[in-house]
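To start, the structure itself, in structure tokens.
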Amino acid sequence: MFLAADRPTTDLPADLPAAIAALKQELNAVILAHYYQEAAIQDVADYIGDSLGLSRQAAAADADVIVFAGVHFMAETAKILNPQRQVLLPDLAAGCSLADSCPPEAFAAFKAAHPNHIVISYINCTAEIKALSDIICTSSNAVKIVQQIPVDQPIIFAPDRNLGRYVMQQTGRDLVLWDGSCIVHETFSEQRLLELQARHPDAEIIAHPECETPVLDQARFIGSTTALLNYSLNSPSREFIVVTEPGIIHQMQQAAPEKTFIPAPPQDTTCACNECPFMRLNTLEKLYLCMRDRRPEIQIPEETRLAALRPIERMLAMSA
């Protein structure tokens, strides 16, 4: 497999943001970046958002080239929605622990063991899992989508068990959960969170629903990255403990410089485990190189793409 990281980084232009802007014009490209990307990438992106927002931007894109600064499943989603456009990912190794926790063959067997269930899959999954699903959801719209399903219709929810438990709690529905999780959101602990809050008693705890239940129980507000951003801007509080990947704090600080945003620490204080190692594989240098060389490019077999497109389109229609 060819990786952006395999290329030499010599002869890079001195002003990478300017060079990226020039390439964007030359290629008629649009740069989409997730909130968890490093600040330098966010600063050159055309659109910054969560999975739902970026899916909508990808669906509406009129550029010839979509450069996706995120992880592999996000770039796949852009390609599923835009088969006629070139979709580039700065580093093909930028995967996802949650997506990896749900192998297609095992999930197909799991689905077969639960006949008459519809499958709602979190967008953090591979194209193959999307193709096995009936509806896709994001952390922004998962509750809303489940609420639209008839109460007598049994549901499989995959692949994130923590988001699934949160949806069950919010909707009162019983869901059959696939046992997957995100390594970043599982690194937060209730004990470390309470210790931090004791040092910042006026801070509001805001958390992503991929966190485990004991952590969510301590949160004043639970929501997607976009919801966390909006809540922090509209809340009268001046200090927040942010329990998700800390890349989102860049946008929070830019939007509300008068407020203080404290990243929640991981359970293991010897590592930066609250940072997504896959998201951080993308760098400004790799972004430039992928645009310059127009690779690595996302490719999806057409049969898989068409099967994965239908549940994404259902999500977009149900969350309009």
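Each residue, glycine too, has its Cβ placed from N, Cα and C.
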Open item on the list: The iminosuccinate site in Swiss-Prot lists Ser51, Tyr122, Ile123, Asn124, Ser139, His208, Pro209, Glu210, Thr225. Which one of His34, His250 belongs there according to the record?
Closed with: His34
Open item on the list: Given that Swiss-Prot assigns Cys96, Cys182 to the [4Fe-4S] cluster site, pick the one from Cys273, Cys276 that the record assigns to that site as well.
Closed with: Cys276
Open item on the list: Below 8 Å Cβ to Cβ and six or more residues apart, same chain only. Which residues does that give for His34 (iminosuccinate binding site)?
Closed with: Ile48, Gly49, Asp50, Ser51, Leu54, Ala69, Gly70, Val71, Met74, Gly247, Met279
Task: Neighbour count (Cβ, 10 Å) for Glu210 (iminosuccinate binding site) - done: 26
Task: Residue from Asn124, His208, Glu210 whose C-alpha is spatially nearest that of Cys182 ([4Fe-4S] cluster binding site), among the binding-site residues - done: Glu210
Task: Whole-number Å value for how far Cys276 ([4Fe-4S] cluster binding site) lies from Glu210 (iminosuccinate binding site) (Cα to Cα) - done: 13
TODO: Based on DSSP, name the secondary structure state of Cys276 ([4Fe-4S] cluster binding site): helix, strand or coil.
DONE: coil
